[in-house]
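A.B. asks: Got these off Swiss-Prot a minute ago, pasting:
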- Cys9-Cys23: disulfide bond (DISULFID)
- Cys15-Cys51: disulfide bond (DISULFID)
- Cys27-Cys38: disulfide bond (DISULFID)
- Ala53: Zn(2+) binding site (BINDING)
Amino acid sequence: FHVPDDRPCINPGRCPLVPDATCTFVCKAADNDFGYECQHVWTFEGQRVGCYA
């Protein structure tokens, strides 16, 4: 399997707690039918941030 490269999120919505955060679509290898899993990761000034309290 080829794990997709990180890329900007498509239609990420917004990050309520950190409006200026950047969304990246991050994939990593996983034990499932696709061989990988992906998630939206929000970062601001190099730090991962949570978008919801």
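For all residues, glycine too, the Cβ spot is worked out from N, Cα and C.
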A.B. asks: Pick the one among the recorded positions Cys9, Cys15, Cys27, Cys38, Ala53 whose Cβ has the fewest other Cβ atoms within 10 Å in this structure.
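C.D. replies: Taking Cys9, Cys15, Cys27, Cys38, Ala53 as the recorded positions, the minimal 10 Å Cβ count falls on Ala53.
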A.B. asks: Taking the Cβ of Cys51 (disulfide bond) as the centre, how many other Cβ atoms fall within a 10 Å radius?
C.D. replies: 16
A.B. asks: Just the number: how many Å between the Cα atoms of Cys9 (disulfide bond) and the residue listed as 'Zn(2+) binding site'?
C.D. replies: 21
A.B. asks: Which one is it, among the recorded positions Cys15, Cys23, Cys51, Ala53, that lies nearest to Cys38 (disulfide bond) by Cα separation?
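C.D. replies: The answer is Cys23.
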A.B. asks: With an 8 Å cut-off on Cβ-Cβ distance and a minimum sequence separation of at least 6, pull the same-chain contacts of Cys23 (disulfide bond), or say none.
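C.D. replies: Listed in sequence order: Pro8, Cys9, Pro12, Cys15, His40, Val41, Trp42.
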A.B. asks: Between Cys51 (disulfide bond) and Cys27 (disulfide bond), what C-alpha distance do you get in Å?
C.D. replies: 19
A.B. asks: Distance check, please: Cα of Ala53 (Zn(2+) binding site) against Cα of Cys27 (disulfide bond), rounded to an integer number of angstrom.
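C.D. replies: Roughly 24 Å, rounded to the nearest whole number.
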A.B. asks: Look up Cys23 (disulfide bond) in the DSSP assignment and reduce it to helix, strand or coil.
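C.D. replies: In three-state terms, Cys23 (disulfide bond) counts as strand.
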